[in-house]
Amino acid sequence: MAQGLEVALTDLQSSRNNVRHHTEEITVDHLLVRRGQAFNLTLYFRNRGFQPGLDNIIFVVETGPLPDLALGTRAVFSLARHHSPSPWIAWLETNGATSTEVSLCAPPTAAVGRYLLKIHIDSFQGSVTAYQLGEFILLFNPWCPEDAVYLDSEPQRQEYVMNDYGFIYQGSKNWIRPCPWNYGQFEEKIIDICLKLLDKSLHFQTDPATDCALRGSPVYVSRVVSAMINSNDDNGVLNGNWSENYTDGTNPAEWTGSVAILKQWYAAGCQPVRYGQCWVFAAVMCTVMRCLGIPTRVITNFDSGHDTDGNLIIDEYYDNTGRILGNKKKDTIWNFHVWNECWMARKDLPPGYGGWQVLDATPQEMSNGVYCCGPASVRAIKNGEVDLNYDTPFVFSMVNADCMSWLVQGGKEQKLHQDTSSVGNFISTKSIQSDERDDITENYKYEEGSLQERQVFLKALQKLKAERFHSSRRGADLQPSRPTPLSQDSPRSVHTPSLRPSDVVQVSLKFKLLDPPNMGQDICFVLLALNMSSQFKDLKVNLSAQSLLHDGSPLSPFWQDIAFITLSPKEAKTYPCKISYSQYSQYLSTDKLIRISALGEEKSSPEKILVNKIITLSYPSITINVLGAAVVNQSLSIQVIFSNPLSEQVEDCVLTVEGSGLFKKQQKILLGVLKPQHRASIILETVPFKSGQRQIQANMRSNKFKDIKGYRNVYVDFAL
């Protein structure tokens with residue numbers, strides 16, 4: 001008489017499955033698979049082999065604390081039945097005397113997360129045995145055409161899912177510099193940290209059953225992650241800080257990778273890490289999303305608008321010296337702002353609005369009561385479809401708001417000019433499988449000054465006015481997720497944009513740098529004045545310089561001058577200016593941004609002429625040399641060359657070096673004191689543990705500067 005079938009051992013074939021599912025970079029010791037793609041396992045039996053006509057093997061998969069068949073977080077499916085009601089399927093591959101190999105496949109819509117795998121064996125005599133086979137992690141699958149995150153280009157999948165390093169562009173539109181970053185999404189414990197992050201969200205804490213069921217949607221997951229990267233509503237990963245006081249944490253400029261941040265958050269019991277700013281929020285989000293399997297890239301927008309009242313106008317205020325003032329509305333133009341794009345289908349939107357979606361983890365404004373932003377369709381932004389979810393009006397304003405400049409004098413405001421093209425420039429991301437920069441501005445808006453661009457702007461403005469009208473009709477209990485557009489206390493907010501006719505402009509002012517602005521050196525520039533009229537012009541020009549934070553917040557002026565310039569008809573003159581290092585060194589922000597402004601006025605005219613320029617001071621970068629061939633599991637020497645660019649001694653110098661697959665953890669070297677203009681080097685030893693293209697990132701900080709950076713790409717070969 002045949003005995004009931006008993007399982008002795010299960011081989012989840014982690015190494016083989018993980019390679020096929022593109023997860024071997026994470027681990028080969030535990031099963032990590034992607035939805036919509038089969039994976040194999042082998043069942044070894046104790047007493048006899050599997051007999052298809054006599055035995056029925058039933059698989060059970062469960063995820064979350066409250067698995068539920070109706071919610072899709074529990075599935076029961078049989079090996080014998082090919083027409084099971086479950087979207088999960090299993091089939092027989094091979095059947096031996098005492099072992100059976102089977103394939104399982106999760107539906108391409110399954111919730112991502114950690115799963116428990118069990119089986120029930122129903123033998124012919126009615127005996128039922130149950131076994132727990134183990135755990136596995138299920139991820140999104142950009143290789144599966146039926147998955148909402150499917151990306152049909154292998155080079156793009158390699159860049160936006162598999163690449164664990166990259167560049168984040170910083171500086172200004174006139175001086176764009178790449179900041180190297182270690183995303184490290186495949187480093188040890190990062191996948192566990194990403195899943196813990198989902199479990200720490202407000203959604204999971206409030207309703208864990210529903211939250212886990214919704215994790216099959218990349219739209220939902222991306223919103224959850226966007227909220228969890230910042231800590232404004234929860235114990236998210238990062239505290240934001242734009243105060244220039246970082247004594248109780250890490251200056252955001254010092255970070256060179258996401259791994260140290262995520263591991264610090266996890267090790268501290270999921271308490272927020274201090275501190276982050278926009279590029280840090282975006283970089284950490286990129287790490288989490290790529291780890292979960294959603295194609296993601298980091299985007300920088302230069303001259304990025306922050307429109308707090310939703311009227312698509314950024315108001316800037318100046319005093320009579322040309323100094324930019326803070327304003328009660330807190331509208332600002334960030335020198336640069338960094339967010340993410342994630343690739344996904346948008347079945348919740350009209351056809352054509354899938355693809356790249358903007359997600360912004362920097363806590364700027366609330367969305368449905370939580371500090372998150374997106375996903376907002378990039379195509380919807382370009383077409384002015386600001387009524388489509390999520391947070392499209394806010395993102396539209398970041399790339400396409402108009403800028404209005406006002407002179408504040410004697411308690412009154414005088415309009416200086418309106419600029420329709422100053423917001424949203426050189427929108428940048430790293431090129432595919434290259435260290436070059438891609439300019440993707442055309443994805444977000446039509447060419448500045450074109451008829452299409454103005455038509456889209458007016459279309460968006462009308463939609464926002466209509467939304468305000470309808471929301472006011474619905475009542476105060478149905479407010480939009482962003483601040484109410486076209487606020488009633490701003491009558492100028494309904495004005496359609498227009499530029500002052502060119503024939504009115506008779507005198508122009510412009511700044512021109514004479515030398516590259518290097519940190520530690522004097523800044524030399526001239527003010528160019530041009531009289532375009534046929535009359536004499538007597539000008540009084542107030543000049544000033546002040547440091548800026550990268551979010552546009554001004555610090556106190558540290559340099560002022562007054563120029564009196566007389567211009568003959570059609571004459572051009574230059575007025576030389578110099579700001580010495582001793583004048584700006586004590587006032588410089590971490591962002592190394594200086595805004596020079598000139599406010600000119602004619603003796604015979606009430607017209608004011610405003611011109612400004614943002615200067616980004618540069619440092620010499622760190623040089624990294626790889627000494628010899630890089631081979632897995634063999635010692636490698638790395639030379640790091642650094643210098644003090646200042647003509648004064650700097651103290652508390654610390655060098656940090658990291659690189660996924662090259663260093664097990666971030667290296668921190670205390671350098672102490674560096675003499676003026678001193679150049680030095682050190683040799684580091686490491687043993688690469690992953691093959692392929694890798695990157696070394698380095699940063700040096702001191703009491704005088706925080707972010708002298710450098711990087712070096714290195715290819716690691718397999719051991720012979």
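Placement of Cβ uses the backbone N, Cα and C atoms for every residue, glycine included.
Residues annotated as active site in TrEMBL: Cys278 (among others). In sequence order, Trp334, Phe336, His337, Val338, Trp339, Thr362, His550, Asp551 are the residues near Cys278 (active site), counting only same-chain partners six or more apart with C-beta under 8 A.
Residues or ranges marked as active site in TrEMBL: His337 (among others).
There are 30 other Cβ atoms within 10 Å of the Cβ belonging to Asp360 (active site). Here TrEMBL flags Asp360 (among others) as active site.
All chains included, 25 other C-beta atoms sit within 10 angstroms of the C-beta of Asp402 (Ca(2+) binding site). The Ca(2+) binding site feature in TrEMBL is assigned to Asn400, Asp402, Glu448, Glu453.
Per TrEMBL, compositional bias 'Polar residues' is recorded for 484-496.
According to TrEMBL, the feature domain 'Transglutaminase-like' maps to 270-363.
What TrEMBL lists as region 'Disordered' is 469-499.
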Exercise. When a 10 Å sphere is centred on the Cβ of Asn400 (Ca(2+) binding site), how many other Cβ atoms does it contain?
Worked result: 24
Exercise. Taking all residues of the domain 'Transglutaminase-like' (270-363) together, what is their mean pLDDT?
Worked result: 93
For this session: Looking only at C-alpha atoms, tell me how far Glu448 (Ca(2+) binding site) is from Asp360 (active site), rounded to the nearest Å.
Result: 24
Problem set entry | Candidate with the highest Cβ count within 10 Å, taken from the binding-site residues Glu448, Glu453 | Glu453
Problem set entry | Distance, Asp360 (active site) to Asn400 (Ca(2+) binding site) (CA atoms, angstrom) | 17
Problem set entry | Cβ-based neighbourhood (8 Å from the centroid) of the Ca(2+) site, residues Asn400, Asp402, Glu448, Glu453 excluded | Ala401, Thr420, Ser421, Val423, Gly424, Lys445, Arg454, Phe457
